[in-house]
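Residues or ranges marked as active site, proton acceptor by Swiss-Prot on the basis of sequence analysis: Glu88. Positions annotated as disulfide bond by Swiss-Prot: Cys98-Cys322. The [4Fe-4S] cluster binding site annotation in Swiss-Prot covers Cys105, Cys109, Cys112 and is backed by similarity to another entry. Look at Swiss-Prot and you will find Gly150, Glu151, Ser180, Ser203, Leu204, His205, Asn279 tagged as S-adenosyl-L-methionine binding site, backed by similarity to another entry. According to Swiss-Prot, the feature active site, S-methylcysteine intermediate maps to Cys322.
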Amino acid sequence: MRIDHIRQRLRASGAKPCHEQRVLRAWTHALPLDRGRCRSEDFFPAPLGARLPALGAELAALAQVRSEHAGEDGARLLVELADGQTVESVLLPRDGLCVSTQVGCAVGCAFCMTGRDGLLRQLGSAEIVAQVVLARSRRAVRKVVFMGMGEPAHNLDNVLEAIALLGTEGGIGHKNLVFSTVGDRRVFERLPQGSVKPALALSLHTTRPALRTKLMPRAPRLDPAELVELGETYARATGYPIQYQWTLLAGVNDDDEELDGIVRLLAGKYAVMNFIPYNSVAGAGFARPSWEHAAAMARYLHRRGILTKLRHSAGQDVDGGCGQLRARVIASGALGQPAEAAPDRVVLVRRGQA
């Protein structure tokens, strides 16, 4: 389901812009339409009010929590969609949330579990927002990063539609919506045109073109230097620094040559380098460098004027890196079993109809 389809249904039921905004605001904030002294039957046209319970049930069925896996750095949710497919969302520290944009992924990064089975299907914009609604039914969400399963650039229309809603009725600051991509020229064309301009995270991982092709075999053929220049143009236009993502792989992209390459590419740029130690994937053939080595790399870049953050990869303590939780559940055969009870379903109802 797409958000535009929801808007069309509301309008077909007699909704004016103020009614449409009220419904979408309540949904994106995981709130009932009846709050305090505000009664929906006093606000909505009768035909619209009569159709809201059915619409609310459809929205609630878009995404449900199949299982939750607590960890030191946040909880990972296995989210079941209406057709039985599953994706992962991660409740991050400081009211952050990581959402998925596809079931599977076509990029096939060598160090990632998600792309092993290829792309299964796109998520509709409403399914993307539904992950935020699920999270908000559990706790506050003030930042959303599009860094879960899938490549957002390969589902651009749906992702941008979700961003537009979250940055308006959803009440999330534009710089707290982070679009992550391996690099696609369409992203740099489309993002500046939107009314909501998100922050941008670029998957760099290496400064060496040949190694980048090996690590991300089906990513667009963008030279790292060109990718950085495209990012810099967007950063200067929006006023948000580009976040460069770098998965640290021991003996692969953690040597002095790479450090010098980072300095060469990012010196003077409006950028933040995020070092993320590799989250082990069985059979991938990579290893995580020691924390001490990773910290030394970050210190070196700091001394050279590159703002660098060393981040924990969410889910390391529960073997729940991107795609791993879903793969483990599929391997166990648990997807054929009923989902856990979901008390956090959000349904748009009028008072007295629940």
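Cβ atoms here come from the backbone N, Cα and C positions, even for glycine.
In sequence order, the recorded positions near Cys105 ([4Fe-4S] cluster binding site) (Cα within 10 Å of its Cα) are Gly150, Glu151, drawn from Glu88, Cys98, Gly150, Glu151. Cys112 ([4Fe-4S] cluster binding site) and Ser203 (S-adenosyl-L-methionine binding site) have their C-alpha atoms 12 Å apart, to the nearest angstrom.
Within 10 Å of the Cβ of Ser180 (S-adenosyl-L-methionine binding site) there are 24 other Cβ atoms, across all protein chains. Annotated pair Leu204 (S-adenosyl-L-methionine binding site) and Cys109 ([4Fe-4S] cluster binding site), C-alpha to C-alpha distance, rounded: 12 Å. In this structure, the C-alpha atom of Cys98 (disulfide bond) lies 8 angstrom from that of the residue listed as 'active site, proton acceptor'.
Between the alpha carbons (Cα) of Cys109 ([4Fe-4S] cluster binding site) and Ser203 (S-adenosyl-L-methionine binding site) lies a span of roughly 11 Å. According to its DSSP assignment, Ser180 (S-adenosyl-L-methionine binding site) is in a strand.
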